[in-house]
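Undergrad: One structure, as structure tokens, below. Some questions next.
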Amino acid sequence: MKYTKLNFMMSVLGIMIYVTDLIVDIWVSIRFFHERQYVFGVLTVSFMLFGTLVVQCFSYSWFKADLKEAGQESHHCFLLLHCLQGGVFTRYWFALKQGYQVAFKYGSKTENFVEKQINDRVTDLSMLRLFETYLEGCPQLALQLYIFLEHGQANFTQYAAIVVSCCAVSWSTVDYQVALRKSLPDKNLFNGPCPKLVYLFYKLFTLLSWMLSVVLLLFLNVKIAFLLLSFLWLLGIFWAFKEQTDFCVSTSMEILYRIVVGFILIFTFFNIKGQNTKCPMSCYYIVRVLVTLGILIVFWFDPRSIFNADYFIPVSITIVLSLLLGIIFLLVYYGTLHPNTSEETKLDEVDGKPAQRDCRMKYFLME
């Protein structure tokens, strides 16, 4: 697949969002500590560390695997860069440097293997950004929404954190889906902007509804909310083990991958094995609807005034409308706009034939 100037600009936009998200998170955490809100400050820093440490682990393991495949030895400088949390920046440097040459200098004279190499670099970045978005961005978004509803107002940094988190989630989700389809020859590309927008709205609305529901549950009882999310995380991990995902070369990294997949499934649904998932997806969103409605019903009948009552009715309406719109966009996307191919259908019908390991995406989260 040809790497164009538009693809290069999208990569530049990606690193801009990544850096902005990082700066805002640091800014918010410093403000929390300055205002002596130590619990919120520690949580913000913990979410950041959790996401970035996992991302650095996967990035370094992929560097080692790629160097080994190329017959080269692993350099200690790569390990040092990842220990200093610079793995993603290193990947962006290589991707932008080679992408600029391919898009602006070589043009139509670019060899196919060079095109594949730059597409693979961009694909790796999209996977890492997807990890970080759901490991760090989603918990961060829930925390900022909780603080906003608790105090009834927010300062500029909290508004900025909410907006940037939403942008990061939206960008990484769509960017991942585009990179997925560019990297796999048996998948069609999105046909124009309409499927991308519908897919984005499906993910964004279902995620917004769930985030607000979790925040309401946190107001009701923090322990119950923690137990529910932990239970859903364990269910996701169990499903990943049951499906016997085969994404990583080493056993330890595969276990970490399944743990991360379980965490992502708390917030949104992904096809973790590239097989027919009509039944699991239906069960997932049926449970999501029931749990969301259950939280709203309990909150309606709970006699305690937990936060400003003026916010509850708008929040409840937002939850219901967002969930309804998300389900509608889901049905529209998978019913009419999903870019399936006949080869994909065959794989689904035979429960997924093992693919040749020529691309990490073959074994990554699919849609």
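Note that Cβ sites are derived from N, Cα and C of the backbone, with glycine treated the same way.
What TrEMBL records for 12-32, 38-63, 159-179, 199-219, 224-241, 255-272, 284-301, 313-334 is transmembrane segment.
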Undergrad: Decide whether the stretches the transmembrane segment (159-179) and the transmembrane segment (12-32) have at least 3 CB pairs under 8 angstroms, with pairs required to be 6 or more apart in sequence.
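TA: The answer is yes, given that the two segments have at least 3 Cβ pairs within the 8 Å cut-off.
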Undergrad: Using a Cβ cut-off under 8 Å, which residues of the same chain at least 6 positions beyond either end of the transmembrane segment (199-219) come close to it?
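TA: For the transmembrane segment (199-219), the sequence-distant neighbours (Cβ-Cβ under 8 Å, at least 6 residues beyond its ends) are 138, 141-142, 145-146, 149-150, 166, 169-170, 173-174, 177, 225, 228-229, 267-268, 285, 288, 291-292, 295-296, 299, 306-307, 315, 318-320, 322-323, 325-327, 329-330, 332-333, 337, 367.
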Undergrad: Excluding the flanking five residues on each side, which residues at least 6 beyond the ends of the transmembrane segment (313-334) place their CB within less than 8 Å of a CB in that stretch?
TA: 149, 195, 198-199, 201-210, 212-213, 216, 285, 288-289, 292, 296, 299-300
Undergrad: Near the transmembrane segment (224-241), which residues from the same chain, at least 6 beyond its ends, have a CB less than 8 A from one of its CBs?
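TA: Here the qualifying positions are 214, 217-218, 257-259, 261-266, 272, 280, 291.
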